[in-house]
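Undergrad: Structure below; questions to follow.
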Amino acid sequence: MSQPISDAVRAGVESVGERLDDLRDDLRELKPKLRGYLHLASAPLTLAAGIVLIALSPTTVTKIGSAVFIASALVLFTVSAIYHTGTWSPRTWAFLRRFDHSNIFLLIAGSYTPFSLLLLHGTAEVALLTTVWTGAILGVLFRIFWTDAPRWLYVPIYIALGWAAIFFIPAFFEGATALGLGIGIAVFVMIIVGGALYTAGGVVYGVKRPNPSPRWFGFHEVFHSFTVLAFAAHYVGVSMATYALR
């Protein structure tokens, strides 16, 4: 009696395994062929650019700010590349998805860190860093424990945290122009441009449009393009502000 039961269980397990394999194959076919490759290419470039930025940072404080900024971007690009280019088991997929979505909060806070240390002072610096890092930690917990949260809920949270600096615009502008009017305006513009690009990417991700080529380069790839361009804008801004202190 036990033999038929064990055979039936074994057959059931094998059937489930085959269905999971079929599902992974289907996902591989459905996923745009360029999914994740923008971030895969961005990871080593970020590492190289980060080494230069940190090495040329003139003070311990600027080195710390630059390191936090680069580390948050490097982790995001690396995890995103691993998550999106591979076809994973359900358990691994769920883990990488949590990690990937959580990293967005960390990149937001990581991007604010060097700008706050470079351009803000006193109460404004402490208030903004406390706000964004508290928000980032809460956001990470939110994405870890509510992985199935609706897109219409968590995308606006990303955007809201990303624009926390709107209340500190006068202080940012004052700190930027203290570096010199020309360089200060350029730094300030890079902050705004980076924020606008991240926001545009968030909107694309939220509405899933435009979706130019579902087979090769879909809406998610457009979103990834915006994140790369936004990081580049902020990297230029941080670099200009940092090198102005040398």
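A Cβ is built for glycine as well, from the same backbone N, Cα and C atoms used for every other residue.
TrEMBL entries are annotated by machine, without manual review.
Because the structure is a prediction, the values reported are computed rather than measured.
Here's the feature list from TrEMBL:
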BINDING   His84, His220, His224  Zn(2+) binding site
TRANSMEM  37-58  transmembrane segment
TRANSMEM  64-83  transmembrane segment
TRANSMEM  104-120  transmembrane segment
TRANSMEM  126-146  transmembrane segment
TRANSMEM  153-173  transmembrane segment
TRANSMEM  179-205  transmembrane segment
TRANSMEM  226-245  transmembrane segment
Undergrad: Taking pairs 6 or more apart in sequence, does the count of Cβ pairs under 8 Å between the transmembrane segment (104-120) and the transmembrane segment (37-58) hit 3 or more?
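TA: Taking Cβ pairs at least 6 residues apart, the transmembrane segment (37-58) and the transmembrane segment (104-120) are not in contact, as fewer than 3 fall under 8 Å.
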Undergrad: Does the transmembrane segment (64-83) reach the transmembrane segment (37-58), going by 3 or more CB pairs under 8 Å (6 or more apart in sequence)?
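TA: Yes, the transmembrane segment (64-83) and the transmembrane segment (37-58) are in contact.
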Undergrad: Would you mind listing the long-range same-chain contacts of the transmembrane segment (179-205), meaning Cβ under 8 Å and 6+ residues beyond its ends?
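TA: Residues 108, 111, 115, 119, 151, 155, 158-159, 162-163, 165, 172-173, 219-220, 222-227, 229-231, 233-234, 236-237, 240-241, 244-245 contact the transmembrane segment (179-205) from elsewhere in the chain.
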Undergrad: Go through the chain and flag residues at least 6 beyond the ends of the transmembrane segment (37-58) whose CB is under 8 A from any CB in it; none is fine as an answer.
TA: 65-67, 69-71, 73-74, 76-78, 80-81, 84-85, 221, 224-225, 227-228, 231, 235, 238-239, 242-243, 245-246
Undergrad: Is it possible to get the count of other C-beta atoms within 10 angstroms of the C-beta of His224 (Zn(2+) binding site)?
TA: 25
Undergrad: Helix, strand or coil by DSSP: which one applies to His224 (Zn(2+) binding site)?
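TA: Its secondary structure by DSSP: helix.
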Undergrad: Relative to the mean position of the Cβ atoms of His84, His220, His224, the recorded Zn(2+) site, which additional same-chain residues have Cβ within 8 Å?
TA: Pro32, Arg35, Gly36, Leu38, His39, Ser80, Glu221, Phe223
Undergrad: I'd like the number of other C-beta atoms within 10 A of the C-beta of His220 (Zn(2+) binding site), please.
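TA: Excluding its own Cβ, the number within 10 Å is 20.
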